[in-house]
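Residues annotated as domain 'G-protein coupled receptors family 1 profile' in TrEMBL: 31-277. For 16-37, 49-68, 88-110, 130-152, 195-214, 226-248, 260-279, the entry in TrEMBL reads transmembrane segment.
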Amino acid sequence: EFVLLGLSQNHEVQRILFFVILLFYMIILPSNIFLILTIWRHSQLGSPMYFFLANLSFLDICYCSVTPPKMLADFFSHRKTISYSSCMAQLFFLHFLGAAEAFLLMVMAYDRYVAICKPLCYTRLVNRRVCCVLVGATWGGGFIHGIIQFALSIHLPFCGPNILDNFFCDVHQLVKLACANTYIVELLIFLNNGVVIIMCFTLLLISYTVLLLKLRTQSSKAKNKVASTCVSHIIVVFVMWGPAMYIYGLPFQAVPMEKVVAVFHTVIFPLTNPMIYTLRNKEIKGLMWKM
């Protein structure tokens, strides 16, 4: 087993963190479920954009079910431990769902690009069959990324130290405990994470830059609608990729405030992503209010 040091060793601080995170979890998690139900029940929300948004909410719910439950339980445990098999499972699902969400954001950017730059071809290029294939591809890509991280970690030899200075299992902490030369493993982990993070972030920035440049040829009403959509997407991109690049961008050295950034990356930001889209959309806000 591994021993988790958690966010803090102070019992009073642990109790405060427990109630703050639990309160946030109890408010935002049902909101995401409610958003999925709203999109599912209303036929006027049957466009690909809302289909992808419902999938994003579902992915975020799954992603935030990997580490927070264990973290909340550990706040009241004197000895915070996690078995080897549970650690490997946590690591796999964290990277699997995180990468799937990253790829889904790229699909959502493609949807907006086609809708704005090729409106006459939209129904042909982004029909329901294409949407299902794209969503399936995001899950497949996430699974491949997760299984690579899992394969690189499962073969690490452990022979003594078992203390992880975090509240969950991740490849960086495990590599530090391995009783072997891990330079090649760290390099492969960095390349795997780097390809996903840098490639997705760069492509998203390029796509939204093209969309914003396209605004110059639109009418004032269309400009407002497109700008509102693009701003929501850009906020989510920076909210998700900022912490990811901070945590995984420097794999060979510890980064300050890593645990604090990890809380936002694994608990806070994923649950708020769909809310950012929703708060700037009058149509879906109205339907949610009616329900």
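Note that Cβ sites are derived from N, Cα and C of the backbone, with glycine treated the same way.
Non-local neighbours of the transmembrane segment (49-68) in the same chain are 21, 25, 29, 32-33, 35-36, 39-40, 90, 93-94, 97-98, 100-101, 104-105, 107-108, 111-112, 115, 128, 131, 135, 138, 167-168, 266-267, 270-271, 273-274, 277-278, 284; each lies 6+ residues outside the stretch with a CB under 8 Å from one of its CB atoms. Long-range Cβ contacts of the transmembrane segment (226-248) within its own chain (Cβ-Cβ under 8 Å, at least 6 residues beyond either end) map to 98, 101-102, 105, 108-109, 112, 116, 172, 190, 193-194, 197-198, 200-201, 204-205, 208, 211-212, 214-215, 218, 255, 258, 261-262, 264-265, 269-270, 272-273, 276-277, 280-281.
Residues 99, 102-103, 105-106, 109-110, 112-113, 116-117, 145, 226-227, 230, 233-234, 237, 241, 244-245, 248-249 of the same chain lie 6+ residues outside the transmembrane segment (195-214) yet bring a C-beta within less than 8 angstroms of a C-beta in it.
Summarising model confidence by region, the domain 'G-protein coupled receptors family 1 profile' (31-277) averages a pLDDT of 83.
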